[in-house]
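Below you'll find the structure, written out as structure tokens, and then a few comments.
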Amino acid sequence: MALPRCMWPNYVWRAMMACVVHRGSGAPLTLCLLGCLLQTFHVLSQKLDDVDPLVTTNFGKIRGIKKELNNEILGPVIQFLGVPYAAPPTGEHRFQPPEPPSPWSDIRNATQFAPVCPQNIIDGRLPEVMLPVWFTNNLDVVSSYVQDQSEDCLYLNIYVPTEDVKRISKECARKPGKKICRKGDIRDSGGPKPVMVYIHGGSYMEGTGNLYDGSVLASYGNVIVITVNYRLGVLGFLSTGDQAAKGNYGLLDLIQALRWTSENIGFFGGDPLRITVFGSGAGGSCVNLLTLSHYSEGNRWSNSTKGLFQRAIAQSGTALSSWAVSFQPAKYARILATKVGCNVSDTVELVECLQKKPYKELVDQDVQPARYHIAFGPVIDGDVIPDDPQILMEQGEFLNYDIMLGVNQGEGLKFVENIVDSDDGVSASDFDFAVSNFVDNLYGYPEGKDVLRETIKFMYTDWADRHNPETRRKTLLALFTDHQWVAPAVATADLHSNFGSPTYFYAFYHHCQTDQVPAWADAAHGDEVPYVLGIPMIGPTELFPCNFSKNDVMLSAVVMTYWTNFAKTGDPNQPVPQDTKFIHTKPNRFEEVAWTRYSQKDQLYLHIGLKPRVKEHYRANKVNLWLELVPHLHNLNDISQYTSTTTKVPSTDITLRPTRKNSTPVTSAFPTAKQDDPKQQPSPFSVDQRDYSTELSVTIAVGASLLFLNILAFAALYYKKDKRRHDVHRRCSPQRTTTNDLTHAPEEEIMSLQMKHTDLDHECESIHPHEVVLRTACPPDYTLAMRRSPDDVPLMTPNTITMIPNTIPGIQPLHTFNTFTGGQNNTLPHPHPHPHSHSTTRV
């Protein structure tokens, strides 16, 4: 598959642009141009042979394998499996950023999958509520994919379509009615193909790119599909909250994979200027986080504003979900260290000890996070993720990317399935307990919990059919779906579209027929994945044992067309029109639907199902309950009950003790029935015959709250406006403790759970440099606090990450982060961190 001559000017221009970008290295312009042009000639002269597919990359030659697909409308693909994109992160490189792979001299066979990153898939310890239904229902199949584990796991898989364009054109001219000759064929004259990099989900703890076969999507959409392995769990996201272990190694793996892709995908016929990242669940939140990181900037084929990728698709996951970021990483690092017998009093010794432990010993430890949260995941380190994702979005850090995102109709299925007798509906007592448990685990403001609990019950009760257990089950499913997925996705779409950046929103309303899910289930978390990958076109698989119908095949073709169109142009409607007559003669209703761009005003979204339509304001009432009313209820409660609770700031000569007798235990566990006994919390839903004073009180309270909020809004208009403007330039954060006190002190001493909305700005200004702050001097916006559990108040801030542990006097900076030499990968962390001034309005 040789690149056409018409692409010469395009690649020459890219080579020249690359020279301009790399001119800063000091090399003479003549030599730079000569080297880049020689490399361009090498790329153009390569030919991908279908019989013996051999590609020469920057690191050596690799041989792939040709695979035929079980569908006559799908051409074969060439698979390159187990391609290394980074060096093994083993030994002293554990808990360090990735380095480039070592070159190889012989031909490397890329015909089978590489080992997966270490993980422990044990039924009963998995966060089932955050995993796809097909994942948890087929653990035996998933386990077969993750048997071969190794820390040497940083590999990717490449799926390249190989259909001969000329042969297709001739056959379509001779037989226009042939199935392969569909209207607006997706072949585009053999030019460089768009690239789609899939990031797998799994709550940052489980999964592998090997699970997801990109062959059908690549063949049908005429795009190159890449799946990636990245470090998971403790090995990918352990953080001590300081320089000893900054965390986010899994995200840095993904960035390295994207850098490898941008520098090598041209050898496979791919376009380095049309790279789209997409993922589902935790993979979707990774996609969102990558759009917010300055490490995603920089592409050798263009100027730095183009980035390592240009478009992003976040399926059922954004950076604003409660489980997207770990706000208490140091606590879980100490819990793990205690379990394996490492010293927790010094973070440097802790990390050195963990580096020497067998990886299996670390992975096998059961470190349970607070419910609806994660123990080991991305952290706000002040570098890879410079600030809270919501703040970064408000500042426009992701405005340069085209973004498509959406949710499934019934994401929260697993939350409801875990309730007793959910198949027969949900009883009033179970409903009450589920809501109470939900509030207790997500909101750390005890003064207002009763009002919040009753407000949620009131809003999620269908008063026209409130005695029906099945109706109660439906509303409870909506509660979990709205809070954990819908509201964060809508908030993300609003923030992105506010900058005029192309934004597309969808709601997925279809799932395949299978006996593994209850009949009452809607499209659950992860149910869109088989349709994106084109599984219905090749029939059931072990992982997706569905009874696929022609409607499933049609819908999969529709979804793949939208996704690949977006990867090609940033517009899901172009260039390929929706036409599935090659499947059956039944009209495709998507042909008459134009997916309109999303804006905060209209909030238009595409309903993806058998009856597609463009609608507006998806679940607006419930979304605004979570984004507007609930944060203001907290604010109102704090204003009405506020008393000064500011902790006295001790002088620096006071040494914090590792523990106190009255300190709260650092371990967290799921709430028990004893803790949240519904009998101790009378509910209006527990019995049928009762007075309705509670509901009336809640109604009056909500109404009074809204009235009072309107009054407050006028009174505080200018104050909030000025505060918002100043917060963009100056956000208060905790002062650093001396030496290693961050890890010595319990979390409750470092950050107060009672973050009051008061005039603490004045307190910030009055704090002297020599003072040690034991609590958040300037509390974050309440909308940010909504994602944090009672024991997950954030330790990480942009300032705390720059700390260098120095419990030993005169110690030198430890665990220097590896840098990439030779001009490659030179934007990953450097040994001596210094404050990074990231642009808030990249253009």
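The backbone N, Cα and C atoms fix where each Cβ goes, and this holds for glycine too.
These numbers come from a predicted model, not from an experiment.
If you look up Swiss-Prot, you'll see 1-45 marked as signal peptide, on the strength of sequence analysis. Positions annotated as disulfide bond by Swiss-Prot: Cys117-Cys153, Cys172-Cys181, Cys342-Cys353, Cys512-Cys546. Summarising the annotation, Swiss-Prot assigns region 'Disordered' to 647-688, 822-843. What Swiss-Prot records for Ser683, Ser686 is O-linked glycosylation site. Annotated transmembrane segment per Swiss-Prot: 698-718, in sequence order, evidence recorded as sequence analysis. Positions annotated as compositional bias 'Basic residues' by Swiss-Prot: 831-843.
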Reduced DSSP assignment, Cys353 (disulfide bond):
helix
Nearest of the disulfide-bonded residues (Cys153, Cys512, Cys546) to Cys342 (disulfide bond), judged by Cα-Cα distance:
Cys153
Given the disulfide-bonded residues Cys117, Cys353, Cys546, and counting only Cβ atoms in the protein chains shown, which has the most within 10 Å of its Cβ?
Cys117
Could you give the Cα-Cα distance between Cys512 (disulfide bond) and Cys153 (disulfide bond), in whole Å?
33
Cα-Cα distance linking Cys353 (disulfide bond) and Cys153 (disulfide bond), given in Å to the nearest integer:
22
Cα separation, Cys353 (disulfide bond) to Cys117 (disulfide bond) (Å, whole number):
21
Let me spell it out: for each of the disulfide-bonded residues (Cys342, Cys512), count the other Cβ atoms within 10 Å of that residue's Cβ, using every protein chain shown. Which one has the most?
Cys512
Alpha-carbon spacing, Cys353 (disulfide bond) to Cys546 (disulfide bond), which is rounded to whole Å:
47
Take the Cβ of Cys153 (disulfide bond) and count every other Cβ within 10 Å, whichever protein chain it belongs to.
26
